[in-house]
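Enquirer: Submitted below is the structure of interest, expressed as C-alpha cells.
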Amino acid sequence: MDGQTWERMWGHVERVHPDGGAVAAAIRSAARLARPSVPPVPNYKLSMSIPEWLQAIQTYMKMLQYNHTGTQFFEIRKTRPLSGLMETAKEMTRESLPIKCLEAVILGIYLTNGQPSVERFPISFKTHFSGNYFHHVVLGIYCNGRYGSLGMSRRSDLMDKPLTYRTLSDLIFEFEDSYKKYLHSVKKVKIGLYVPHEPHSFQPIEWKQLVLNVSKMMRTEVRKELEKFARDMRMKILKPSSAHSPMKERSRGKSLSPRRRQASPQRRACRRDKSPAVVDKKGDLATLNEVGYQLRI
C-alpha cells in the first residue's frame, strides 16, 4: 500500500468514526499494538450437512469483519476469468484482511468449490435512498430445492440468508423487505448464472443474465420472471452471453462470417474475369481519341 492510499484510509476513519481523529491518533501513536487474530480457514468434514458447511463459511467471513476503512484491499475485476478470481480468494485467506460485499462473493465461491450439489450465482441490488443510489451484491445459493445466500454487509439482514427459501422469488422478496427497514427502495435486481465448480476455468462469471426493473413491476410480474429464470437455470438451459457472441457476430455480417469467407474467393474470381473487358474499353477509348476526344489519365 502506497503512502497516499495509507493516509486516505486514515482520513476516512477520522471522518466516519464517532470519536473522529482521536481514535486514529491513539492507534497511530501507540508504541505497541496487539497482533490481529488470523481466523482459520474452514474445512469441510463428511459429517457436516450442507447448511452447517455454509454456516461455517459465513462465520469465517464474519471473523474477517466488514471493511469500514473506505479502502478496498483486494482488486476484483468482474471481467477477469474465474481462475484469476480464485487466486485473489486464496490471497484473502492468507492476508485475513476485512472484506466488502464483492470480495465476499468471490471468497464464497472459492470456499464452496468442490460441492457439486451446491449451486452458486451472484445476486445484485440497486437501491435508492435520500437522493443517492447504492449497489450491493450477495452470493445466491441453491441446494436440494432450497435457496439461501452468503455475503457481507454493514447490515446483518442484508448478507447471509438460511437455506430455507422454497423459490428464488421468496429469497429476493426477503431482501427487498429487509431493505425497506432502512428506507431503501429497490430499483433493480440482477441475477447471474450458476458459477462452475472448476477453479481453473478461464470463463468469467456471468453477473447479470437477468435484469429486472422491480420498481416498475408488480410483485406478481417479478415472481413470474424469477421463477421462469430459476427453472431455466436448474435445467441448465441458459448459457453465458460470451458463448453466444460468435453467433451474434455472424448475424451482424461481420468479416468472421463463414459464409463471407466462402463467397469472397468467388468475388475475387469475378473481378479477375472482368479484367479483359477493361482492355476492350481502353481500345474503344483509343478509337474515340482518334476522332477528337481528349482522354485524362
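Even glycines carry a Cβ here, placed using N, Cα and C.
Annotations for this protein, taken from TrEMBL, read as follows:
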- CYS101: active site (ACT_SITE)
- HIS136: active site (ACT_SITE)
- SER153: active site (ACT_SITE)
- 237-278: region 'Disordered' (REGION)
- 253-262: compositional bias 'Basic residues' (COMPBIAS)
Enquirer: Just counting, how many other CB atoms are there within 10 A of the CB of CYS101 (active site)?
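Expert: Summing over all protein chains shown, CYS101 (active site) has 21 other Cβ atoms within 10 Å.
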Enquirer: From the Cα of HIS136 (active site) across to the Cα of CYS101 (active site), what is the distance in angstrom?
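Expert: Checking the Cα atoms of CYS101 (active site) and HIS136 (active site) gives a distance of 7 Å.
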Enquirer: In Å, rounded, how far does the Cα of HIS136 (active site) sit from the Cα of SER153 (active site)?
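Expert: One finds 8 Å between the Cα atoms of these residues.
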Enquirer: Could you list the residues of the same chain, at least six apart in sequence, whose Cβ is under 8 A from the Cβ of SER153 (active site)?
Expert: TYR66, CYS101, HIS136, VAL138, MET159
Enquirer: Tell me the Cβ neighbour count for HIS136 (active site), meaning other Cβ atoms within 10 Å of its Cβ, over all protein chains shown.
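Expert: Around the Cβ of HIS136 (active site), 23 other Cβ atoms lie within 10 Å.
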